[in-house]
Amino acid sequence: MVMDFLLPSPPKSWSADKTSAFHAKITAPVNASIQPAGRHFLAHARRHIHSRTFSEDEKATNEAEAAAKAANGTTQDDSDLGDEPEDPAMLRRDPKDWKDQDQYAVLGLSALRYKATEDQIRRAHRRKVLRHHPDKKAASGGLHDDGFFKCIQKAFETLMDPVKRRQWDSVDPAVSDSVPNAKSKGDFYKLYAPVFLRESRFSNTQPVPQLGNAESSQEEVESFYDFWYKFDSWRTFEWMDKEDGEGHDSRDDKRYFEKKNKAERAKLKKEDNQRLREIVDLALSIDPRIKIFKEQANKQRNAKKREKEEAEKKAAEEAAAAAIAAEAAAKAAEESEKAAREDGKKNKELLKRAVRKEKKNLKALIKDNNYFLPAGQTPGPVEVEKQLELLDALLDGAKGLDQLEAVRKTLEDGVKSGNIAEIFKAEVAKRS
């Protein structure tokens, strides 16, 4: 290896022929008491006492300094956090069991719990750090016990992480899950409004419609129950995992425990959905507004039913009257038609009689007037037969009574005028 830099010049006592050189005499040994000192030693001692790594110690020191600066700077009003007394048993808690601790109680936020804002969590954490920081205890002559301080840090880390906080809030044992039953006495709205308000914190959809009161409209009530029957919950149950796959080196073991935990979460989720459904079912079954709405709906249905029945009755009566009228009209029309037929039949018969009479008259007229032959001609059998055939042809050509009457009158006029033979021939030619 070639190093490209210059070495310092050797001392004057150095000689290339000698492997070593003495520049001074060694002093006689003495016994001395050495005491460790300095900020580096103090940092080492602090890490050793609290069993911290370099990064953990640096993080704790920075947080303590930040809290101290904040406390020495502006005075902040923490009255909204309350002054919750600390349980001695909680102060002695083993930090290894931090997952089983009440995360809100550790920070003094038992009264706020899931309603606590991030700012309130930060201020509560600062207040606890100022009170329980190990350096402060050591400076005041206390024991170097940082167990509860570690619990504080774990609670702060949990509640400042949105995912972990949701996991904790989902199973927070300090939040009651009690629900009134169907036999619970008291005002319905006072009993159930807090229940739905408490459950609404798990909704993915915000804002959540609340129970309302006796003055709520039917639309509002129906919208409320429709929302809760379709409730979309973010509640999760990872916090209750019994087996931690991270503690196993085997990938198969990790997968096994993760699968087991996932199945347990799904079971708890299903049970929670069923629990919420039963709450909504129970509230719906005893909601006094629903009873009122049903009664109003029944009245409306009955009124519509009565209106429909009356309309049907009126329509039936009108239909019956119309049927009677139609029957009477049909009967009258039938009778009229029958009468018309009879009249027509009579008229037809009369017409036939009149036609026969006219034909008879014409036949009599031809017989009485020399069979319409010229004057002076005596009719023989042949002439008679011929003249009668011509008369039959004339009668067949004359259509109807009117024409027969007209023929008769024309022939009568011909008889009177003396030229019946010519007129007869003309009429035959005209109508044959």
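Every residue gets a Cβ built from N, Cα and C, even glycine.
Checking TrEMBL for region 'Disordered' across the ranges 52-97, 236-281 points to 52-97. For the compositional bias 'Basic and acidic residues' (306-317), the number of residues in each DSSP class (helix H, G, I; strand E, B; coil) is 12 helix, 0 strand, 0 coil. With a cut-off of 8 Å between Cβ atoms, the residues of this chain six or more beyond the compositional bias 'Acidic residues' (77-87) that come close are 105, 108-112, 120, 123-124, 127. Break the compositional bias 'Acidic residues' (77-87) down by DSSP state and the numbers are 3 helix, 0 strand, 8 coil.
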